[in-house]
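Listed features, source TrEMBL:
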- Arg208, 233-234, 247-251, 264-271, Asn285: FAD binding site (BINDING)
- 4-183: domain 'Electron transfer flavoprotein alpha/beta-subunit N-terminal' (DOMAIN)
Amino acid sequence: MAEVLVLVDHVDGAVRKPTLELLTLARRIGDPVAVHLGPNAAEAAKTLGEYGATRVLARDAAEFADYLVVPKVDALQAAYDAVSPAAVLVPSSTEGKEIAARLAVRIGSGIITDAVDLEAGDEGPVTTQSVFAAAYTTKSRVTKGTPVVTVKPNAVAPEAAAAAGAVEELAVSFGESASGTKVVSRTPRESTGRPELTEAAIVVSGGRGVNGAENFPVIEALADALGAAVGASRAAVDAGWYPHSHQVGQTGKTVSPQLYIAAGISGAIQHRAGMQTSKTIVAVNKDSEAPIFDLVDYGVVGDLFAVVPQLTEEVKTRKG
Ligand SMILES: Cc1cc2nc3c(=O)[nH]c(=O)nc-3n(C[C@H](O)[C@H](O)[C@H](O)COP(=O)(O)OP(=O)(O)OC[C@H]3O[C@@H](n4cnc5c(N)ncnc54)[C@H](O)[C@@H]3O)c2cc1C
């Protein structure tokens, strides 16, 4: 069976969920071969094997941390040359898209970015993209070279399927351009202790109805009671009430949690584009005509400052 390269997204060997999704999709078109760049390959390989990686091509090098993306492109290209895969799948992060694009140029292949699904086709893998604020769904196929595809988080539920996950050292020689842009400093973002927005099973989002940064703790308290991530509408972000990294929607992040709670959000198409595939949607809005109610599984017409704290207390009580 053909092999499919999957570039691993990990933090010091802890494999992130989008990679498990890529492995799940890769199995539809071939045998997944993971490419692990950085430390702790053996630890990562356990997880990668559980989700179907037959092999894990691993390389640790100072270059990956010291310079921007080019060393990783060199390594992914080395894996490509070694494997001759049927396709290359990369997570749709900012970094992932740059790596994928550079690889596609180097190997003379077509690239599809931000796919939300992928299936086998007679003439190669067929991808699905959600475009124009999710108003259209398109299906496309790379027609030149080996398909390079970046896949958005939450495209598919990860499914375990045990495979060998055998670690093999990947030989890479870094080109001259690898050291072209040096990372000169790093400042870790302060951790909130909450799950990552795109990976969270539950997301609680606040909009213009929250009416000020000083009121966002109302949203955060419900999120913490539920073990959820906090999201925000663009109106809330543009007003400076919450960081842009939490914006959900067309120009923010796409989330697809089990439960999405929207408080004080009207449900504009650009917001829906980032959350409408959530499994269960709940909205709290004081306007019964708000468009978000067309989308919800459960809607509460009411003032969020009355409803959300009660919900938080109820969740806490039930959790004991
Ligand atoms: C190109 C483009 C890209 C965009 N990208 C995004 C994006 O990525 N994400 C995004 O979110 N938006 C995006 N937008 C903006 C989008 O069109 C809306 O303007 C935005 O989503 C509105 O945010 P909101 O729902 O918080 O505010 P509003 O539309 O002002 O809605 C506020 C809601 O809160 C309710 N409310 C007020 N007070 C209370 C209360 N006390 N209790 C309960 N409910 C209350 C109101 O009834 C109202 O429904 C984009 C727009 C454009 C043009």
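Just so you know, glycine gets a Cβ as well, placed from its N, Cα and C.
These figures come from a predicted structure and were not determined experimentally.
The most densely surrounded of the binding-site residues Ile265, Ala268 is Ile265 (count of other Cβ atoms within 10 A of its Cβ). Regional average pLDDT for the domain 'Electron transfer flavoprotein alpha/beta-subunit N-terminal' (4-183) in the model is 96. Cβ neighbours of His271 (FAD binding site) (same chain, under 8 Å, six or more residues apart in sequence): Gly207, Ser233, Arg234, Val248, Gly249, Gln250, Ala262, Ile265.
The DSSP secondary structure for Ala268 (FAD binding site) is coil. DSSP gives Arg208 (FAD binding site) a helix state. Comparing Cβ neighbour counts within 10 Å across the binding-site residues Gln247, Gln250, the minimum falls on Gln250. Sequence-distant neighbours of Arg208 (FAD binding site): residues of the same chain at least 6 apart with a C-beta under 8 Å from its C-beta are Ser233, Ala235, Ala236, Ala239, Gly264, Ile265, Ser266.
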